[in-house]
């Protein structure tokens, strides 16, 4: 019965995580469509301080879609392991990229299409090999897990490292080193996911009629989540303001997901009950998603399609045949250029003579 219940919760968490990615990915498209519509009407744009988007129903639809996605993501942590839910957040980037190519006429190049395919394959592998049984089901069990010496040491290290980065490293190198602000919000994100996990369990118990509000851990988790999320938003916005979004997004995803997987392994010990092939499969799926996200973001401004592939292969073949061929081709190119130049000069001279211009002589 317990195993059947565990699989049922796993399926619910999986559906919630995937629906969260769809809602969040679609929210970017709805908001963008609303802002573009306002720009066509001549309204003051949001980047210039305008607030006309508050009267645009598409923008509100995007906001509601994002809210629904965040709620679904929050609920997913209550049913499925964080090892599964967090990496699947990359699907929102995938959904946004695919929908933008259809509804915003943004081109998805060959690298982006390969990145989308790899992200889907990596997510599928992670779903197959992720731990499917949830060990923590009550706040008392969560309290016992949080008091584990291994997690206490891990959380203490995260707080110390974060304070050093915020107080010492950030003011000196935050404006020039992209890793400083991203590392701050990523490592703190590991603690915020743990708080979300605990609050999700508390909400499940609340619906079951248990006196959750009298449990001090509920309020501690809520306060900790507020502090962690506020810090994350602050430093992620700083990173996005200073550095290119196409660089910030994949780096943040990799460091954040790695931190969450490490925290989940220490706190919930999900890896202890996994077979070796499942552990290898989970890591392989995660690395595949990383490569997919990298291809999707790093080369999104490169205009490269399947039509350009034969031309690139021909250039590579010509370069591989040696210097003699390249010199010969250069000589032919120079000869052809000279001939074309000569023809142009002769044509211009003849035209000038016909018009009676003395400069032609």
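Heads up, the Cβ atoms here are built off N, Cα and C, so glycines get one too.
For 12-30, 57-79, 85-104, 111-130, 150-171, 178-203, 215-235, 247-267, 279-299, the entry in TrEMBL reads transmembrane segment.
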Which residues of the chain, 6 or more past the ends of the transmembrane segment (12-30), have a CB below 8 A from one of its CBs?
58-59, 61-63, 65-66, 68-70, 72-73, 75-81, 84-85, 88-96, 99-100, 103-104, 127
Taking pairs 6 or more apart in sequence, does the count of Cβ pairs under 8 Å between the transmembrane segment (247-267) and the transmembrane segment (111-130) hit 3 or more?
no
Should anything in the same chain at least six residues away from the transmembrane segment (57-79) have a Cβ under 8 Å from its Cβ atoms, list it; otherwise answer none.
9-10, 12-14, 16-17, 19-24, 26-35, 37, 85, 89, 92, 134, 193, 196-197, 199-201, 203-204
Are the transmembrane segment (150-171) and the transmembrane segment (85-104) near each other by the rule of at least 3 C-beta pairs under 8 angstroms (pairs 6 or more apart)?
no
